[in-house]
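J.: Reproduced below are the annotations present in TrEMBL:
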BINDING   A11, E32, L40, V76, W361, G368, V369, I370  FAD binding site
BINDING   H147, G148, N149, V150, R191, R192, E203, G368  NADP(+) binding site
DOMAIN    2-158  domain 'FAD/NAD(P)-binding'
Amino acid sequence: PRVCVVGSGPAGFYTAQHILKHHGEARVDIYEKLPVPFGLVRFGVAPDHPEVKNVINAFTQTARLERCAYYGNVTVGRDVTVAELRQAYHAVVLSYGAEDNRVLGIPGENLSGVHSAREFVGWYNGLPENRDLKPDLSCETALILGHGNVALDIARILLSPLSLLRKTDITDGSLAALACSKVKRVWLVGRRGPLQVAFTIKELREMINLPGARPVLNPADFAGLETAVKDAPRPRKRLTELMIKTALEKPGEKTMEAQAAAPREWGLKFQRSPQEVLPTADGRRARGIRMALTRLEGLGDSAKAVPTGDVEELECGLVLSSIGYRSLPLDPAVPFDTQRGIIPNSSGRVEGVPGLYCSGWVKRGPTGVIITTMNDSFDTAQSVLEDLRVGTLDVSTSREGFGAMESILRSRGVRPVSFSDWEKIDAAEVARGKAAGKPREKIVDPQEMLRLIGH
């Protein structure tokens, strides 16, 4: 059987890995629109979290298998259609992730100084489409809308001492911009309360222990929460206890001295919903944000934030909205639920299109960490293996796989990038990084990547 996987992030690689491991004869081709593989592991994981990127080693082993091939620099839906792939392969798995972000839908969100978290993360992580972002870091206060791990990542990058960032694979351009940054205060704002935050304890602890930055939490936000979390699941309980402790406890003398001397600060603001980004007098830039104060109806994760009628304005020159990523439809031939931003499926089988599958964020929505995506991809891979076993996928007719694609791509002037091409780019990045005392210096221009491999 010939299987094609669209997207080379964790979902794509885990799907390929599982099929290759449990079917001794399957061949898997992975297509990727960028020349370089690994998706959000390369472009989403924070530069100061190198340990999370270790999954790349396993993905590399998969890509080097004889029955696996990688074709970068091929945009499915533009360079080749899903229908063409379905003719060339017995099964096609769409694992292309979430390439867009959810919008706030409020006045002023298009002002200069307002960015999505996705763009900002892409900028400091070297995602080619965000390389020219040029966020204005000349203001003292930045505001991040959202209480997830991505919001904390951004706050940490904005407030980290340069000496820490210089040792990471953060891009050269963003490091230079951060070196001139005037930002010294970051507010993380959420619509709901402390019991509904989506970040995890590891990220919160990192933030609390960040050198040169002190946490500013309002004790009133945490009054009476000890009893409320008594019976909560352990991760939620520990997370809330850490926030309570940070908000209410008087720090020891040493900590107090360090905090008093800290040049930067960050804080969590709760029960505030953005209403409008306020413009400067010339109407061009963001100067602040107006927020509706909310009260919670219901308990725990299902609590809803309802506006109270009161509003509050906060000054800030940089607004980053971290309210979630969003998948886009890839090809008119593929069913898509625009409401939920996913491909309608059951266990990864795309509804109404036999032989077409999906895995990862485009299958279940943009939530969860790499391990969630791994399990989800194994689930889709199992569906493919099962359909092969019971004969739902007819392998008696041979399919040409990449052989058929190659002539189509050539006729359209598209030159795919192989995995060994990527390894040349990788070696160049690592060499450039070494010269700068970093693990790698990412190349952010796809044209430069292609020149490097002689395309």
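Just so it is clear, glycine is given a Cβ too, placed from its N, Cα and C backbone atoms.
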J.: Cα distance, H147 (NADP(+) binding site) to G368 (FAD binding site), nearest Å?
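T.: Each residue's Cα considered, G368 (FAD binding site) and H147 (NADP(+) binding site) end up 14 Å apart.
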J.: The record names A11, E32, L40, V76, W361, G368, V369, I370 as the residues that bind FAD; what is their largest Cα to Cα distance in Å?
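T.: Maximum Cα-Cα distance: 25 Å.
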J.: I need the nearest neighbour of E203 (NADP(+) binding site) among the binding-site residues L40, W361, I370, using C-alpha distances.
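T.: Spatially nearest to E203 (NADP(+) binding site) by Cα position is I370.
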J.: How long is the line from the C-alpha of R191 (NADP(+) binding site) to the C-alpha of V369 (FAD binding site), rounded to the nearest angstrom?
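T.: It is 22 Å, counting Cα to Cα.
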J.: To the nearest whole angstrom, what is the C-alpha distance linking L40 (FAD binding site) and G148 (NADP(+) binding site)?
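T.: Cα to Cα, L40 (FAD binding site) and G148 (NADP(+) binding site) are separated by 16 Å.
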J.: Among all the protein chains here, how many other CB atoms are within 10 A of the CB of H147 (NADP(+) binding site)?
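T.: A 10 Å sphere around the Cβ of H147 (NADP(+) binding site) contains 23 other Cβ atoms.
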J.: Please tell me which one of the binding-site residues listed here (G148, N149, V150) sits closest to E32 (FAD binding site), measuring Cα to Cα?
T.: V150
J.: What whole-number Å value do you get for the CA-CA distance of N149 (NADP(+) binding site) and A11 (FAD binding site)?
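T.: Here the two Cα atoms are 19 Å apart.
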J.: Between V150 (NADP(+) binding site) and V76 (FAD binding site), how far is it from one CA atom to the other, in Å?
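T.: Answer for this pair: 28 Å between alpha carbons.
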J.: Please give me the CB contact count at 10 A for L40 (FAD binding site), counting all chains in the structure.
T.: 22
J.: Name the one residue among H147, G148, R192 whose Cα is closest in three-dimensional space to that of A11 (FAD binding site); these are the binding-site residues.
T.: G148
